[in-house]
Amino acid sequence: MARDLIGPALPPGFKARGTAEDEERDPSPGPALPPNYKSSSSDSSDSDEDSSSLYEEGNQESEEDDTGPTARKQRKNQDDDNDDDDDDDDDDGFFGPALPPGFKKQDDSPPRPIIGPALPPGFIKSTQKSDKGRDDPGQQETDSSEDEDIIGPMPAKGPVNYNVTTEFEKRAQRMKEKLTKGDDDSSKPIVRESWMTELPAEMKDFGLGPRTFKRRADDTSGDRSVWTDTPADRERKAKETQEARKSSSKKDEEHILSGRDKRLAEQVSSYNESKRSESLMDIHHKKLKSKAAEDKNKPQERIPFDRDKDLKVNRFDEAQKKALIKKSRELNTRFSHGKGNMFL
């Protein structure tokens, strides 16, 4: 029964509001429900109809007479088939907005490209394993049991034959073969490397030395190999020193003077002794010899402490002393006649 409208009439193209029952029947605002779904009002009405139909079916079943177990089984099978059909209908539905017309639902997503190294042979992807397990669950259990990672040594497949006596015999045989083996490697003498037998080089005092320029070159510390020399090395070095001395002596050999040079040398020496005075070098040598003889005859006395004398720094070290003596020996070669003719 429509309500009486009081007021001006609606313009053409507009509809009047219906009753409350009509409003309930109108669809609710929002996205439309997908197919195979019904609104809550329709569900409630359907549930009422289903309950009434079930009640009527129950009354009919109570009125029917059970003729035997076969009739009960038939009714049970029919009920199971109806339940399966209902479950299939429920599974067809899905949640979410419906696809627009013209679009088809894809059953499976396209395979994604594999990023990374390929799996080794014999391995299956997790998706393939799950599909295989769905098809054959019994086979999946056997495969999983076989593919389990085994940690540790595998157990022996057969009986283990271990005997202490056989182990000792094998070990003795190996030692015998090692001792009696006449290979070329065993015949060669074992020579150790140089870093095992020689002293290392002098370590630099990194960060601990003086932070000034060097006033002179580094003094050689001498031969340090004497600490690690073997008898064979000492013999070899002795031979080398002898050969070096022979070669140096050959170089220092004077040339044989001729008869004329010898005669002229004797005349010059006799003239110098008779006509010339004694040289300063000879005078100095004579004084040193006489002084050394006097000091030898004097009794040794204890000398008192002298600060200036005893605490004086000796700047003339041993290396400089040796270098000066070596140079002084060469004076005779620098200021003497040549190795050829003594006289023109």
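Note: Cβ is positioned from N, Cα and C throughout, glycine not excepted.
Of the given residue ranges 116-121, 122-127, 146-151, Swiss-Prot assigns the label motif 'GPALPP motif 4' to 116-121.
Cross-referencing 7-12, 205-210, 313-318 with Swiss-Prot places the feature motif 'GPALPP motif 1' at 7-12. Each residue contributes its Cα atom, and for Lys312 (SUMO2 cross-link) and Lys275 (SUMO2 cross-link) those atoms are 47 Å apart. In the motif 'GPALPP motif 3' (96-101), the DSSP tally of helix, strand and coil residues is 0 helix, 0 strand, 6 coil.
With DSSP classes pooled into helix, strand and coil, the tally for the compositional bias 'Basic and acidic residues' (291-309) is 10 helix, 0 strand, 9 coil.
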